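Copied over from TrEMBL:
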TRANSMEM  B:20-38  transmembrane segment
TRANSMEM  B:50-78  transmembrane segment
TRANSMEM  B:90-111  transmembrane segment
TRANSMEM  B:158-181  transmembrane segment
TRANSMEM  B:202-222  transmembrane segment
TRANSMEM  B:242-260  transmembrane segment
């Protein structure tokens, strides 16, 4: 085979390879707002994060507005400090609240933000103060059991008083 | 009697020392390739020729295997996921299994048996017919002229082939999941995009295939260069290339996966 024909085939081969990598980057992976200059950071402290993982989505009204950047334990307060990387186009008021929610019954956990009414907005590096922890199934069942037995005993007390 | 007891022991010792000797030789061989590759990359036409024989000629087998692997992943994944009511996650399953493991590993296995064995046979036969010695006599360095272009061709071709394998596999999964079974096309792609990360999955997969490319091609050219210069020796070297490559690919894959994910 002549050299020019070989060059043509090799060129085509390399071009197809580059096309495959571009396809994987654009169509298969999410090239959405993840580079550092398109996001800003907020912090939120939780009593219990349950099964929240790094890179879990942060949603406002169900729309993904950012991702969890890091999860650390604050050694002073012993609460979990979650770093949120949020898209710069969304700002949140000072009294916005964050809670850890579960997608579906057994789905992944994510952070749900709820916009407040304060006209001042949170700047990069500030804390979301209103937080509520993840729902831990064991604690929920425990609470349900105690309230259930508590209700029973109250009822039996009442009937005994009668 | 003692001879009967000692001879397996002696053989074990011989095998061990031979293996260590070969390990040392292959390291020295890699350094020699890197040292002379400057010379051979200046004449890049040689490398392009080898990319044609190693890479372009492997496209068909890689593309077809990728398509079938993706289709199998689609069918099996759908069967298992639908049992848990999460058939929507099929796109993510297919893409993650291909990008992280199956794409780089299977493309490297195919490459080693399609192109690696050919390289070994070619270089081994050149050695058997004393072409390498003839080059040395003419003051042409056989490592710079014959070995280094093949090595670089393999290293360049491998990530490209793995990327093609991945894309064809995802297309195969799409064919089964969306076209045949009838999952929603939007869900298929959005689940994939939500769960695949560019750096974590795509780039790590490409780094893996680059490492496999280096390992497979180095083994192939080394076995050829080291082959006993007889017909039987070349055939044994070709077999060793395929077997050793397969083992090394899987072992390196384990180590890389433990580091990366």
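Placement of Cβ uses the backbone N, Cα and C atoms for every residue, glycine included.
Contact between the transmembrane segment (B:20-38) and the transmembrane segment (B:90-111) does not hold: fewer than three of their C-beta pairs are under 8 Å, each pair 6 or more apart in sequence. Each of B:50-78, B:158-181, B:202-222, B:242-260 was scored by its Cβ pairs under 8 Å to the transmembrane segment (B:90-111), and the highest score goes to B:158-181. Relative to the transmembrane segment (B:50-78), the listed stretch B:158-181 leads the set B:158-181, B:202-222, B:242-260 in CB pairs under 8 A. Sequence-distant neighbours of the transmembrane segment (B:202-222) (same chain, 6+ residues past either end, Cβ-Cβ under 8 Å): 25-26, 29-30, 33, 54, 99-100, 103-105, 107-108, 111-112, 115-117, 119-120, 123, 147, 150-151, 153-159, 161-163, 166, 196, 241, 244-245, 248-249, 252-253, 256, 260-261.
Packing against the transmembrane segment (B:242-260) from elsewhere in the chain are residues 100-101, 104-105, 108-109, 112-113, 116-117, 204, 207-208, 211-212, 215-216, 219-220, 223: each is 6 or more residues past its ends and has a CB under 8 Å from a CB in it.
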